[in-house]
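Taken from TrEMBL as is:
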type	residues	note
TRANSMEM	37-56	transmembrane segment
TRANSMEM	87-113	transmembrane segment
TRANSMEM	144-172	transmembrane segment
TRANSMEM	178-204	transmembrane segment
TRANSMEM	225-251	transmembrane segment
TRANSMEM	271-294	transmembrane segment
């Protein structure tokens, strides 16, 4: 039987320790956590991926028709499609199912973390996680919605001075605009990643969204770059691993376009290969949403690290329980 050591959340950790504890948590809980994500968050994500795949297939079909008809009837079909009820339903299906899938994914990961801590075990059933998701769905849905609109407002405010600076830079040297664009993306990434910690704050603490934002600002003060680093590195790992499933889809897509080039000798992919590409496209979305646990866990352990750094809750709990133990144990949690 595998030795199991409960991971302590409330603990100061440096960057490498935070990355290590994320993968240790995944190692301990891979079976239970992945099963929960697959069975609870997987279905809505898969349906959303089917809508997206159908959308791309239609666009590709219109492109082929336009090439074959010298941009005649194919273009007319595209115009009809974008004004049809089918297009509207596809957009609603894509946004709706992927949004719900995102909410459930966040709720699954943080619900699992709470159950892990409460039970002191990694033997957690899908039904237990599903019960948590059901009870707290509205809270996570509201948090994600508020997070989205707050991000839009923040990015809009951030883009106003960028546009002004780009206008000035363009009069000096067009090359300077590249640096301002890169700076915008860096600032947007830094802001978005730090703001993402609002989910674990509202999962653990009984606060409203805006109180949670105030709490977030307090915790990340002076620690924005370390928070960004933990989240960004785990997001990069997530993107690279899940991106493997997109390779077959891209190959089939490229072959389809090469077949349309005048004089090209490439054979058009068969219906079987197109079906295989669609399957891998759906698997990409499912794998991507499951691996989203990596940045969520990284931000969660960063949250506990910041709380311990600024409030020493773990140390206070140890001091409170000091007199309750028969023999005091020495701790090495101070860094």
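Each Cβ is built from the backbone N, Cα and C atoms, and glycine gets one as well.
Across 37-56, 87-113, 225-251, stretch 225-251 shows the highest tally of CB pairs under 8 A with the transmembrane segment (271-294). Sequence-distant residue pairs (6 or more apart) of the transmembrane segment (178-204) and the transmembrane segment (87-113) include at least 3 whose Cβ atoms are under 8 Å, placing the two stretches in contact. Note on the transmembrane segment (37-56): residues 90, 93-94, 96-98, 100-101, 104-105, 108-109, 126, 129-130, 133, 278, 281-282, 284-286, 289-290, 293 of its chain, located 6 or more positions outside it, place their CB under 8 angstroms from a CB of the stretch.
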